[in-house]
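Taken straight from Swiss-Prot:
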- His226: active site, proton acceptor (ACT_SITE)
- Asp225, Glu375, His468: heme b binding site (BINDING)
- Asp227, Thr301, Phe303, Asp305, Ser307: Ca(2+) binding site (BINDING)
- Cys123-Cys284: disulfide bond (DISULFID)
- Cys132-Cys145: disulfide bond (DISULFID)
- Cys246-Cys256: disulfide bond (DISULFID)
- Cys250-Cys274: disulfide bond (DISULFID)
- Cys354-Cys365: disulfide bond (DISULFID)
- Cys573-Cys630: disulfide bond (DISULFID)
- Cys671-Cys696: disulfide bond (DISULFID)
- Ser315: phosphoserine (MOD_RES)
- 1-21: signal peptide (SIGNAL)
Amino acid sequence: MLVCLHLQVFLASVALFEVAASDTIAQAASTTTISDAVSKVKTQVNKAFLDSRTRLKTALSSEAPTTRQLSEYFKHAKGRTRTAIRNGQVWEESLKRLRRDTTLTNVTDPSLDLTALSWEVGCGAPVPLVKCDENSPYRTITGDCNNRRSPALGAANRALARWLPAEYEDGLAVPFGWTQRKTRNGFRVPLAREVSNKIVGYLDEEGVLDQNRSLLFMQWGQIVDHDLDFAPETELGSSEHSKVQCEEYCIQGDNCFPIMFPKNDPKLKTQGKCMPFFRAGFVCPTPPYQSLARDQINAVTSFLDASLVYGSEPSLASRLRNLSSPLGLMAVNQEAWDHGLAYPPFNNVKPSPCEFINTTAHVPCFQAGDSRASEQILLATVHTLLLREHNRLARELKRLNPHWDGEMLYQEARKILGAFIQIITFRDYLPIVLGSEMQKWIPPYQGYNNSVDPRISNVFTFAFRFGHMEVPSTVSRLDENYQPWGPEAELPLHTLFFNTWRIIKDGGIDPLVRGLLAKKSKLMNQNKMVTSELRNKLFQPTHKIHGFDLAAINLQRCRDHGMPGYNSWRGFCGLSQPKTLKGLQAVLKNKILAKKLLDLYKTPDNIDIWIGGNAEPMVERGRVGPLLACLLGRQFQQIRDGDRFWWENPGVFTEKQRDSLQKVSFSRLICDNTHVTKVPLHAFQANNYPHDFVDCSAVDKLDLSPWASREN
């Protein structure tokens with residue numbers, strides 16, 4: 001009996017050993033399979049990235065780069081962003097290969113070790129990229145270490161947050177509209193360009209201006225957006241689908257998702273079958289892998305921190321500084337001056353798309369904390385103002401504190417400029433965007449809350465594009481009497497994309513600043529949504545190349561990002577969810593528009609968030625409808641309350657410093673950093689010269705005496 005018992009124990013032990021050995025072998029085999037798959041994909045993706053870079057450089061060296069190549073210059077991922085996007089692409093392609101080459105039944109098959117896959121790819125865990133100093137009074141450049149409990153929260157090169165689960169054709173990455181016969185909620189999605197043509201476009205520019213908002217109101221929105229989010233495009237994943245095939249032949253595949261032209265589109269005669277469109281960069285999923293759906297990257301910090309001035313990567317931040325000076329200054333242009341005032345330095349990476357715009361002027365693009373700084377001339381103008389203000393602050397702080405070294409001067413000036421952007425945005429800008437909804441969504445500040453998630457949400461990147469409806473068709477330059485400046489005082493918008501030469505060699509920024517103050521934004525109108533300058537001539541700075549359609553790009557990008565439809569977001573915000581023409585008509589207060597939308601989408605559930613949100617009537621005293629007020633208000637409240645370095649958070653500034661900061665204004669920024677001497681007191685409101693303008697001596701100055709240290 002005892003012998004039998006020992007034999008049973010022995011046999012059981014052998015069986016357990018065999019199972020354990022089998023598991024070990026299977027695990028080793030699984031690890032080897034993962035390693036092999038990742039290795040092959042890395043080779044393929046690295047080649048795609050290198051080929052893309054080489055091709056772009058070659059194209060910009062040619063005499064006739066395309067619209068696509070000009071815009072790609074600004075959307076091209078660099079540095080750590082490039083690495084994060086490349087890892088995301090390797091992760092996704094490796095997963096596809098493992099599904100294809102192994103017995104995996106689906107991507108969530110428990111036999112696949114997702115942690116092992118992530119480490120093999122190089123994704124790692126979401127940990128800070130810098131060492132956190134909990135006692136530092138200054139933000140990190142990357143946005144890491146803001147939240148002490150979760151130091152990577154809000155940092156650059158992380159995924160945009162999802163407030164609702166992503167919606168893709170396959171549940172993972174394929175956008176709706178990719179597969180021709182695939183439906184969404186029982187209906188095929190309309191072509192993005194068709195929606196643009198039938199809903200967004202208009203011909204007559206008469207009566208489109210906003211009688212209550214200055215052009216600066218529009219421009220500040222773009223500044224804030226560029227401070228908060230940026231999703232560069234990814235590269236194509238394989239040699240089968242090159243960018244040439246995407247751009248020239250409209251061949252859909254990998255990350256090429258061309259915007260096809262509908263029948264009778266006028267662009268069919270001049271631009272072939274499509275506008276090329278490359279999908280946004282995305283990052284690796286993170287543990288515990290509850291969702292493997294593609295999540296797009298935010299390449300900049302989620303905080304309102306002037307990252308567009310200083311950068312979101314340490315290497316860039318360092319290049320932007322004048323490290324040879326002990327004054328904490330930002331580097332400025334050494335080749336050109338604006339009547340004694342500084343310009344941003346040129347980005348001397350050759351070739352430059354800005355030089356292509358005027359081949360005889362030889363003026364490159366500017367370098368700034370955000371790569372998009374030279375996309376259009378008014379954006380470059382405000383970048384110039386912010387750069388000058390940093391250096392003005394640093395010099396004044398040095399005068400007050402001669403013993404401060406360059407690093408302290410830089411950090412203190414950076415901190416003040418960050419507070420300036422926060423104050424202007426929340427005190428002056430958001431109240432006239434959200435109108436009567438302001439207090440509902442952004443109540444008075446109650447202090448920092450480390451449980452609030454400050455990350456920019458994916459949907460916000462579409463909600464904030466309401467500003468595209470505010471862009472007028474022309475840009476005006478005005479003289480010191482606010483009269484037309486020079487023989488070409490009013491210029492079509494499309495001639496000012498990538499146009500730095502007009503600043504450097506044709507008048508400086510003062511005439512443009514006066515235009516921002518005295519001219520008006522466009523008013524969003526349900527019948528006149530986006531000017532043709534953006535809808536047909538985007539990134540068409542010369543007659544040699546054909547323009548893009550920003551509205552169609554926005555709609556295609558909604559699908560690229562896996563955005564839930566209009567009604568999902570209405571439900572998220574506690575608003576009604578119309579199901580019929582009558583219901584949609586009641587929400588939009590416009591039967592014709594409601595019918596046009598349903599003729600295209602068939603159901604309100606499928607309406608893309610960008611067009612659905614912008615189609616709503618504006619709230620009282622605001623410039624967005626109820627849905628966008630909810631999405632924007634919620635996001636800005638989280639940006640504020642989840643930021644440990646928010647200017648009002650006790651301990652960030654002293655009480656006297658906070659009192660002083662409350663006097664900042666955009667008008668004073670102009671007075672201190674240009675030769676403009678007459679400004680309005682309320683720069684975002686529509687102003688008529690001379691009635692609404694005052695001398696700069698009547699505008700409060702920022703008193704920096706509270707920054708004088710006691711050692712003095």
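Including glycine, each Cβ sits where the backbone N, Cα and C put it.
There are 24 other CB atoms within 10 A of the CB of Cys284 (disulfide bond), with all protein chains counted. Cβ environment of Cys250 (disulfide bond): Pro258, Met260, Gly272, Lys273, Cys274, Pro276 lie under 8 Å away, each six or more residues apart in the same chain. The closest partner of Cys696 (disulfide bond) among the binding-site residues, by CA position, is Asp305; the full candidate set was Asp305, Glu375, His468. Packing around Cys256 (disulfide bond) is summarised by its Cβ count: 22 other Cβ atoms lie within 10 angstroms of its Cβ, all protein chains included. Comparing the Cα of Cys246 (disulfide bond) with the Cα of every entry in His226, Cys573, Cys630, these being the recorded positions, the smallest distance points to His226. Summary of the heme b site environment: with the site residues Asp225, Glu375, His468 set aside, the chain residues having Cβ atoms within 8 Å of the Cβ mean position are Gly221, Gln222, His226, Arg372, Leu379, Arg465, Gly467. Ranking the recorded positions Cys132, Phe303, Cys630 by Cα distance from the residue listed as 'active site, proton acceptor' puts Phe303 first. The DSSP secondary structure for Asp305 (Ca(2+) binding site) is coil. Taking Cys573, Cys630, Cys671 as the disulfide-bonded residues under consideration, the smallest Cα distance to Ser307 (Ca(2+) binding site) is found for Cys671. Counting Cβ atoms from all protein chains shown, Cys145 (disulfide bond) has 22 others lying within 10 Å of its own Cβ.
The CA atom of Cys123 (disulfide bond) is located 27 Å away from the CA atom of Asp305 (Ca(2+) binding site). Annotation for the disulfide-bonded residues Cys274, Cys671: lowest Cβ count within 10 Å of the residue's own Cβ, Cys671. Each of the recorded positions His226, His468 was scored by how many other Cβ atoms lie within 10 Å of its Cβ, and the smallest score goes to His226. With the fewest other Cβ atoms inside 10 Å of its Cβ, the least crowded of the recorded positions Thr301, Ser307, Ser315 in this structure is Ser315.
Least packed by the Cβ count within 10 Å, out of the disulfide-bonded residues Cys123, Cys573, is Cys573. Here Cys630 (disulfide bond) comes close to Glu437, Trp441, Phe572, Cys573, Gly574, Leu575: these same-chain residues lie at least six apart in sequence, with C-beta atoms under 8 angstroms from its C-beta. Fewest Cβ neighbours within 10 Å among the disulfide-bonded residues Cys132, Cys354, Cys365, Cys696: this applies to Cys132.
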